[in-house]
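Everything below concerns the one structure shown next.
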Amino acid sequence: MGKASRDKRDIYYRKAKEEGWRARSAFKLLQIDEEFNIFEGVKHVVDLCAAPGSWSQVLSRKLYLPAKLSADGRDSDLPLIVAIDLQPMAPIEGVIQVQGDITNARTAEVVIRHFDGCKADLVVCDGAPDVTGLHDMDEFVQSQLILAGLTIVSHVLKEGGKFIAKIFRGKDTSLLYCQLKLFFPVVTFAKPKSSRNSSIEAFAVCENYSPPEGFNEKDLHRLLEKVGSPSGVDDLDCSSGWLEGPNKVYIPFLACGDLSGYDSDRSYPLPKVADGTYQSLDPVQPPIAPPYKRALEMKKASSQGIRELEKLSLDS
């Protein structure tokens, strides 16, 4: 697909380049904030699986830059934003980058050091595995990534804090919902307008972090094996009747963003300049060290080797 063709078919991809976002996913976080007001009163934020950095950009523009530009803004009052990813990413003003594993407790210790011993008011995660196209498999792997994210959330998020994470909807979504309910009394699954209807993607908006009494972070995965009833009654196992059948729990699901705004599944005409042509913009910030870089280098070297062999055969 050519750049102009993609600009026409994906309005949020085009708008992201025009407004300086590194990826179209920035609009998803903005639309979640429009509905849930997740940035209110936030001073410490952690962005998990942050690369290439579009959500970190949103955090910087919505939290750090307004505080920096305010008349009484002092360095000690500026919001602190920590972005974590295994891959490096280009710098963003007001964002501290940590290259590490979100499932490692040492990464949590690094975050808390950056916060001077304080904990985060908000943790966001837009991470996702490489999809296979097998929805059941993709849903399972994504849910495991979220539960891995809970490892660091349980260490760095303060009580009363919020956690936003990407999910893939499927037949076992109720299980993930009830696992999240162990730690957050209010859990809503939201679908931003900028997320395509054809995608199984949605976002878990978890509010008011309240871990179980006597909770030890080391017991996280053992605790998740037994899922508590959403009404807070007794602990039941994963085959409980309220996960399936007539007593199945139904998950709050909300469409967010301006519902009369741009449709992510629709094509829009390209804007014309004075001479009647359209100039496609380059991406704001290409990945600086993508995991597929080595594969591209090998493919390029292989192609060059084939051309050299063909040239030799022609010369002979």
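Heads up, the Cβ atoms here are built off N, Cα and C, so glycines get one too.
Here the structure is a predicted model, which means the values were calculated and not measured.
The annotation domain 'Ribosomal RNA methyltransferase FtsJ' is assigned in TrEMBL to 21-209. According to TrEMBL, the S-adenosyl-L-methionine binding site annotation covers Gly53, Trp55, Asp85, Asp101, Asp126. Summarising the annotation, TrEMBL assigns active site, proton acceptor to Lys166.
Cα-Cα distances to Lys166 (active site, proton acceptor) place none of the binding-site residues Gly53, Trp55, Asp85, Asp101 within 10 Å.
Fewest Cβ neighbours within 10 Å among the binding-site residues Asp85, Asp101, Asp126: that distinction goes to Asp101. Residues belonging to the domain 'Ribosomal RNA methyltransferase FtsJ' (21-209) score a mean pLDDT of 90 in the model. If you count neighbouring Cβ atoms within 10 Å for each of the recorded positions Gly53, Trp55, Lys166, the highest count belongs to Trp55.
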